[in-house]
Ligand code: APR
């Protein structure tokens, strides 16, 4: 059987880490694409030279030509810029929308059968725009945010309870940003809901509330420390888990930004919900019962995503 092909659009910090992980995990041959000349080629050469040490034969190439992503099975998009000091949200939206347009058209022309995972921020708006520009079916274009947000939540909870991260199953809904909704009633340690652990005296409501707040601003905390960039190891790992779920038809239930039409009272909006990922892409949105507080918080998150889409349509009328 021919090796699978993984195309990474954007060869920056996350793109390079994605390529490293995909090679180590033997997901397939890898193409790193970027608009900057030399960077994808240089990273590809460096990564290829890991092969003899790690024992992988994946072909890793760098390119500035969309023709080289032809036939990709999975495409992970990190192209774009991160918000810099002094840049308004609309400035960022305007820049990354243009990038999504170029990327969407490149995918449409060269790899229309791929499963596409978008990471570029602001995530919920960019994944929607990328789907619009690429014209791919909704189930084949998803956004990576929930796996990362849940991983952040799980990390902090494991530290708080003094347990293995393997036993923490964290649940996060909504948009990627300040309005994300970590749901403690569905978050468990070996099946025991966090709310019950609080009742058992293993932690306090105040401490869990602080962890929820820290999870919500998890990306910002890292930007504050790095100063010149944003998180990339955990975002890359999270997207690779989604790619593996698709390539291996694993039917994993993962939180992801997917097109929700008819569930959660939504009529065609990209937002973070639990979804089954398998060979069909985003195969089924799982609708869970939410208590009043989670429902209210989810609505705030949905409204924030809708507001972003209005701004996108204002910037690029072709999206109207
Ligand atoms: N096409 C392809 N690549 C592009 C384009 C474009 N039109 N515009 C910019 N790029 C490339 C840049 O040249 C750079 O190599 O995208 C890459 C982005 O890499 P980094 O700046 O290192 O950013 P990274 O940390 O990888 O994050 C990428 O993911 O989490 C989000 O907010 C983050 O939107 C950002 C994205």
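Glycine residues also receive a Cβ, built from the backbone N, Cα and C atoms like all the rest.
Taken straight from TrEMBL:
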| type | residues | note |
| --- | --- | --- |
| ACT_SITE | 176 | active site, proton acceptor |
| BINDING | 10, 11, 12, 13, 14, 15, 34, 96, 119, 120, 121 | NAD(+) binding site |
| BINDING | 83, 89, 121, 152 | substrate binding site |
| DOMAIN | 5-143 | domain 'Lactate/malate dehydrogenase N-terminal' |
| DOMAIN | 148-307 | domain 'Lactate/malate dehydrogenase C-terminal' |
Please list residues from the chain of residue 83 (substrate binding site) whose Cβ is under 8 angstroms from its Cβ, counting only those at least six apart in sequence. 89, 92, 121
Residue 12 (NAD(+) binding site), Cβ-centred 10 Å count of other Cβ atoms over all protein chains shown, is 22
The largest Cα to Cα distance in Å among the residues 83, 89, 121, 152, listed in the record as binding substrate, is 24
Can you tell me the mean pLDDT for the domain 'Lactate/malate dehydrogenase C-terminal' (148-307)? 95
Helix, strand or coil at residue 89 (substrate binding site), per DSSP? helix
Residue counts for the domain 'Lactate/malate dehydrogenase N-terminal' (5-143) under DSSP, helix then strand then coil, are 67 helix, 25 strand, 47 coil
Please work out the number of neighbouring Cβ atoms within 10 Å of the Cβ of residue 152 (substrate binding site), leaving out its own Cβ. 26
By CA distance, which of the binding-site residues (10, 12, 14, 34, 152) lies nearest to the residue listed as 'active site, proton acceptor'? 152
DSSP-derived class (H/G/I helix, E/B strand, else coil) of residue 152 (substrate binding site): helix
